[in-house]
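Sending over a structure as structure tokens; questions will come in a sec.
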Amino acid sequence: MDHKSKLIVMLILEIPSIVLSILIFIYFGMHREARSELRNHGWLILLIVNFFQLIINLPMPLSYYYLNKISPATNAYCVWWTWCEFSFNSIGLFLMAWISIERHIIVFHAHTMLEKQWKKWIFHFIPLIFCLIWPPLFYFVLVVISPFCTTEWDFNTVLCGFPCYFTNVSLSQFDFNFNLVIPIIIIMLANVTLVIRVIYQKMSRQQMINWRHHRKMVLQLWIISSLYIGFWLPDIITVLVQITILPSFMDQQLETMEFAVYFIPLLLPMVCLTALPELMKKLKNIITRPQLNVIDVVHYNRRSKQMITVVAAR
């Protein structure tokens, strides 16, 4: 896939993604009940982070694919791009991983683990805060401050090449395993075990849980988490094979896999609409609402000898 094709695909998806994100924010702003529900907090934070990624981070690869070079070709710009991209990607993975874990709490343990305010802080707010703070802080040290080495940026490749800490085996492996591999494993395991627990509880005829209320939530989690698994897993597996077994494994395809990760922020607002059926219904009504046909009816007033126009709608 050449740069022009990548540019066109990203532009086609970016505009509707931004518009849909704004519509979702308006929906949450107008509906206090939806905004106050604990199960929606993770999705809303994920969408806010994703929106900033759309308007701050994605214009940089778009510029590169349009110009076929880094512009401006400065170290500061490369540091900013690398820090933004690494931070946003990791925040998204950590948030998705925690949302997957939290669904177990909401479905099976809401009455015991979320009944008091201090428990809500431990099992809800603090994990979300960690997901937002850890990646930017971690990459600020390794990319922006860079106390271990000095990076020589390449102004002719996407993302200006790689930061210098990649040459440090311990740091690069910790970054890869903790910030990428562990979150994607958590997402997969949490979703699989959630379905298993749901099936087991239904087969055992335990009626303690309102399945009709939680069924959509489980399905929505599967749909949205599949977006992260589908685009991150091939990249992670390829890098793992290169590190452990065959350094040249899928080397030519790796760039395409890394580009595919951009589809996550581009598609996330569209996929998240499945979690908001009320908003989908309103948008559908606006799009399919029949237009009024305006008819001008003219009457003649004999006394004033004037023409009177009456507007009627049909």
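Our numbering is plain: 1 for the first residue shown, then up by one each step along the chain.
Every residue, even glycine, has its Cβ placed from backbone N, Cα and C.
According to TrEMBL, the protein has these features:
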DOMAIN    20-280  domain 'G-protein coupled receptors family 1 profile'
TRANSMEM  6-30  transmembrane segment
TRANSMEM  42-60  transmembrane segment
TRANSMEM  80-101  transmembrane segment
TRANSMEM  121-145  transmembrane segment
TRANSMEM  180-200  transmembrane segment
TRANSMEM  221-247  transmembrane segment
TRANSMEM  259-279  transmembrane segment
Considering only Cβ pairs under 8 Å, which range in 42-60, 121-145, 180-200, 221-247, 259-279 makes the most contacts with the transmembrane segment (6-30)?
259-279
Under a criterion of three or more Cβ pairs within a distance under 8 Å and sequence separation of at least 6, are the transmembrane segment (221-247) and the transmembrane segment (121-145) in contact?
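Contact criterion not met.
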Report, as numbers and ranges, every residue of the chain located at least six residues beyond the transmembrane segment (42-60) whose Cβ falls under 8 Å of a Cβ in that stretch; write 'none' if there are none.
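Tertiary neighbours of the transmembrane segment (42-60) are 10, 14, 17-18, 21, 24-25, 28, 35, 81, 84-85, 88, 91-92, 95-96, 98-99, 102, 128, 132, 224, 262, 265-266, 268-269, 272, 275.
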Same chain, outside the transmembrane segment (259-279) by at least 6, Cβ under 8 Å from its Cβ: which residues?
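Distant contacts of the transmembrane segment (259-279): 1, 6, 10, 13-14, 16-17, 20-21, 23-24, 27, 31, 34, 43, 46-47, 50-51, 53-54, 57-58, 61, 88-89, 92, 216, 220, 223-224, 227-228, 231-232, 234-235.
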